[in-house]
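Enquirer: Have a look at this one before I ask anything.
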Amino acid sequence: MVAAALDAMAGTRWGRWLGLVTAVWVQCISGNNYTFSNYSDALKTLMGLTQLQLNGLSVAKDVGKAFGLLAGLASDRVPTWLLLAIGSLEGLLGYGAQWMVVSRTVAPLPYWQMCVFLCLGGNSTTWMNTAVLVTCIRNFRRSRGPVSGLLKGYVGLSTAIFTDICSALFADNPASFLVMLAVVPAAVCALAMVFLREGPAGGAAGATADEAEDGRCFAAINSLAVAIALYLLAADLTGIGSGGGVVSAVFVAVLLVLLASPGAVPALLAWKSWMKARKATNADLEEAESLDAAAAPLLVAAKAAGMSEEDKARAPGERPRLGEEHTIAQALTSLDFWLMFASFLMGVGTGLAVMNNLGQMGVAMGYDDVSLFVSMTSIWGFFGRIASGTISEHFIRYVTLRSSPAPQSHAFPPAASALRLTWNRESWNSKSSEPE
């Protein structure tokens with residue numbers, strides 16, 4: 001019964017937005033793969049590693065992300081909650097084992113075992129990212145660009161969020177930081193397993209009438225993300241978050257309020273939906289029936305027109321267009337896929353190499369605490385991620401408008417035009433029969 005109620009909620013507009021907000025919270029904690037520099041020096045010291053061996057651990061962490069293909073293949077076959085459960089369990093095991101080593105709860109593990117646990121920790125984020133990204137894009141099919149930019153932007157912020165909270169509460173203690181990486185994602189994923197669900201395809205497509213309000217909701221959540229980034233940036237530059245005591249506690253409390261603030265969007269939509277349903281209940285039933293009867297031909301005609309356009313866009317044997325969903329086989333035979341693959345292969349590796357060795361670079365330059373550099377890199381990466389979704393959506397809409405056919409002379413479907421013509425003819429006949 002509870003599962004049926006949650007599935008019904010996912011079919012509502014505010015339920016889809018609640019799923020998006022919980023996805024944002026998951027992304028806020030799923031960037032732990034970029035935090036290796038915060039505790040790499042502790043691993044190097046406790047295990048007596050050379051710099052080359054430490055680089056091998058970072059490579060094992062990144063190899064875990066290469067197995068993200070498994071999460072992509074499973075996304076079409078298993079529900080969202082199972083993807084989140086797998087990711088949270090892998091993170092709990094991977095980062096939990098590293099915490100036991102850094103906190104000296106157990107003796108340092110053999111090098112190959114540490115590589116396995118780092119690989120598990122790196123692979124855990126791919127299951128979380130795949131679960132939230134695939135589900136939210138399917139729930140907001142007409143807003144793929146803003147959704148992907150928003151979710152990937154919060155991933156960029158997650159490193160700064162973890163780093164600044166650890167600096168404020170635990171004075172950059174590597175063991176406490178690893179506890180956060182193991183426990184917090186598991187707790188947030190447990191919440192997302194309840195509310196992040198894929199709604200019916202018709203519900204996502206039928207929300208076009210509320211597209212303008214959806215745009216305002218996206219703008220509100222993006223503005224909150226920018227506010228969080230600026231807040232973290234100001235805290236890093238001034239150092240108020242790492243002073244300890246009451247000031248640090250206030251900093252963390254304000255940060256948590258900002259992170260929870262996107263929940264106001266689905267709450268507002270749910271309140272509007274409840275008010276609309278209440279007004280509809282109090283309305284005159286006869287008037288509602290007459291309005292429904294008059295609008296039925298128009299709705300049927302519009303639905304038929306929409307179905308014909310969708311069927312026309314998805315004709316049998318026709319390859320999906322850029323921006324539409326592709327199967328694995330269709331993607332592997334697409335030139336666009338290999339262009340993106342080559343871009344990631346040649347461009348992303350340099351950034352990962354810098355992030356993995358940022359701790360050692362800071363120590364070599366004489367800095368005892370490198371968390372500031374990790375946080376700043378995360379914040380500026382956020383601005384690039386969120387801008388990419390907005391800019392790509394702008395050009396996609398621009399190209400779509402340029403390539404769309406010219407509109408027809410009438411603004412209504414053929415059935416609506418026929419009804420309009422019939423009404424005009426009847427009104428003309430009634431006027432002609434009136435005495436002068």
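Cβ from N, Cα, C; glycine included.
The structure displayed is predicted, hence computed values, not measured ones.
Relevant sequence annotations retrieved from TrEMBL are reproduced here:
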type     : residues : note
DOMAIN   : 16-266   : domain 'Nodulin-like'
DOMAIN   : 324-425  : domain 'NFD4 C-terminal'
TRANSMEM : 81-99    : transmembrane segment
TRANSMEM : 111-137  : transmembrane segment
TRANSMEM : 149-171  : transmembrane segment
TRANSMEM : 177-196  : transmembrane segment
TRANSMEM : 217-234  : transmembrane segment
TRANSMEM : 246-271  : transmembrane segment
TRANSMEM : 337-358  : transmembrane segment
TRANSMEM : 370-387  : transmembrane segment
Enquirer: Should anything in the same chain at least six residues away from the transmembrane segment (149-171) have a Cβ under 8 Å from its Cβ atoms, list it; otherwise answer none.
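Expert: Long-range Cβ neighbours of the transmembrane segment (149-171): 23-24, 27-32, 34-35, 38, 129, 132-133, 136, 177, 180-181, 184, 218, 221-222, 225, 228-229, 232, 235-236, 241-242, 244, 248-249, 251-252, 255, 259, 371, 374-379, 381-390, 392-393.
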Enquirer: Does the structure show the transmembrane segment (177-196) and the transmembrane segment (337-358) touching, where I'm treating 3 or more Cβ pairs under 8 angstroms (sequence separation 6 or more) as a contact?
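Expert: No, the transmembrane segment (177-196) does not contact the transmembrane segment (337-358).
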Enquirer: Take the transmembrane segment (370-387) and find every residue of the same chain, 6 or more past its ends, with a Cβ under 8 Å from one of its Cβ atoms.
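Expert: Residues packing against the transmembrane segment (370-387) from afar: 31, 34-35, 37-38, 149-150, 152-160, 163-164, 166-167, 172, 222, 225-226, 229, 232-233, 236, 242, 354-355, 358-359, 361-363.
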